[in-house]
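Structure, as structure tokens:
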Amino acid sequence: MSNVVTDPTNSKIQVRDLNFYYGKFHALKNISLDIEKNKVTAFIGPSGCGKSTLLRTFNKMFQLYPEQRAEGEILLDGQNILTDSQDVALLRAKVGMVFQKPTPFPMSIYDNIAFGVRLFEKLSRADMDERVQWALTKAALWSETKDKLHQSGYSLSGGQQQRLCIARGIAIRPEVLLLDEPCSALDPISTSRIEELITELKQDYTVVIVTHNMQQAARCSDYTAFMYLGELIEFSDTDKLFTAPAQRQTEDYITGRYG
């Protein structure tokens, strides 16, 4: 693997010798990398390479499934989240996630945003109103929803629903936002809106995105990790990785020779 180029003094997440298993299947093999604070890091690679698996270790989603296990260290602000003592609810408040398909809750737009906040904070109605407006504004959705906050989240278009999910994710004020192929089900215009939003979000959050779309990774991210068959092949500054990859496998993938 090529050298990790992020600034270790500014790392939000540090992955050290991470191995991950689905039962007996060895899905991630000795992964080590640093995720820099207030930057966008993209994971790319062919289907089945382990990029979504790696993403989901950052908030321990795998704990929902007894046959899945992780070994090694994932340090969030220097604390290893893989220990049994880690409070998973608090971890997921710090590390939010947006999935591939928009997943609005079956409730109003307002309550979609307020739902998670109520789990962690007791706000007055006025403060909650302010938080809902803040989150929708951050997600570039306020102007489109301010007059219909009490309509169902399902009444929104697909692109709007995904921005609603992003707003819901940031409403609890996490420190890290994980995006698992957030644009794969969206049209080009909605995709463009999400990409603009990702660029803006890094001012306040550390963003990690999994994408099949190499052009999207090139447009949105500061750093890119290329994975293949559970291994981290190359991790570099995005511009460098796409213009002068250090590894032949990386070059073959980004030029379409395989994957």
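Using N, Cα and C of the backbone, Cβ positions are placed for all residues, glycine too.
Taken verbatim from Swiss-Prot:
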BINDING   Gly45, Pro46, Ser47, Gly48, Cys49, Gly50, Lys51, Ser52  ATP binding site
DOMAIN    13-254  domain 'ABC transporter'
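Same-chain neighbours of the ATP site beyond Gly45, Pro46, Ser47, Gly48, Cys49, Gly50, Lys51, Ser52, judged by a C-beta within 8 angstroms of the site's C-beta center, are, in sequence order, Thr53, Met227, Tyr228. The average per-residue pLDDT of the prediction over the domain 'ABC transporter' (13-254) is 95, rounded to a whole number. Ranked by Cβ neighbours within 10 A across all protein chains shown, the binding-site residues Ser47, Ser52 are led by Ser52. Taking the Cβ of Gly45 (ATP binding site) as centre and 10 Å as the limit, one finds 27 other Cβ atoms among all the protein chains shown.
Counting only same-chain residues at least 6 apart in sequence, those with a Cβ under 8 Å from the Cβ of Lys51 (ATP binding site) are Phe43, Ile44, Gly45, Val210, Ala225, Met227. In the three-state DSSP scheme, Lys51 (ATP binding site) falls into the helix class. Using a 10 Å radius centred on the Cβ of Pro46 (ATP binding site) and all shown protein chains, the other Cβ atoms total 14.
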